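Engineer: I have a structure I would like to understand better, so I am pasting it below and will then ask my questions one at a time.
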Amino acid sequence: MTAPLPDFRSVLVVCTGNVCRSPLAEAVLQARVPGCTIRSAGLAAEPGQPALDLWQDRAARAGLDLSAARARRLTSQMALAADLLLCMEAAQADLIVTRTRALAGRVFLLTHWCGSADIEDPILGSADHHDRIFTQVWQASLTWARAMTEQVRW
């Protein structure tokens, strides 16, 4: 038997550098999931780095503002404070749970509702590659937002 999706009050979106994938997912979820605190961080982030210009421009065309986004490095305290952690890659999720066993059951892929494939890091890719990854993050984030607001069952 399935159970209703829990009432998540805080979500942490995780990627590698926190300058493209996770800031976009954070912005999409913030816009679509009222009453929930959404943050993002990176496993290897250089704190204070802005979101990539390419992603800021693409987000602006989609109606979202990433201009204030600044990279944050993931800490255990951040992770433990979140009700739900959404990762871009399975290896990231595995690393988080390995480092902090108490997070088991709270860490999922951003693509959980759409096939659970990794959303690869576009950092060294072409502009077209960035566009494809942007679309994947956008769609997966919208799917989580629907699941969180429409009481989808697990």
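Just so you know, glycine gets a Cβ as well, placed from its N, Cα and C.
Please treat TrEMBL annotations as automatic predictions, because they have not gone through curation.
This is the feature table in TrEMBL:
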type     : residues : note
DOMAIN   : 9-147    : domain 'Phosphotyrosine protein phosphatase I'
ACT_SITE : Cys15    : active site, nucleophile
ACT_SITE : Arg21    : active site
ACT_SITE : Asp121   : active site, proton donor
Engineer: A 10 Å Cβ contact count, applied to the active-site residues Cys15, Arg21, Asp121: which residue has the minimum?
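Structural biologist: Result for the active-site residues Cys15, Arg21, Asp121: minimum number of other Cβ atoms within 10 Å at Asp121.
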Engineer: In the domain 'Phosphotyrosine protein phosphatase I' (9-147), how many residues does DSSP call helix, how many strand, and how many coil?
Structural biologist: 64 helix, 22 strand, 53 coil
Engineer: Average pLDDT across the domain 'Phosphotyrosine protein phosphatase I' (9-147)?
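Structural biologist: Over the domain 'Phosphotyrosine protein phosphatase I' (9-147), the predicted model scores a mean pLDDT of 97.
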Engineer: Distance between Cys15 (active site, nucleophile) and the residue listed as 'active site' at the Cα atoms, whole Å?
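Structural biologist: Their Cα atoms are separated by 7 Å.
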Engineer: Do you know offhand how many angstrom separate the residue listed as 'active site' and the residue listed as 'active site, proton donor' by C-alpha?
Structural biologist: 8
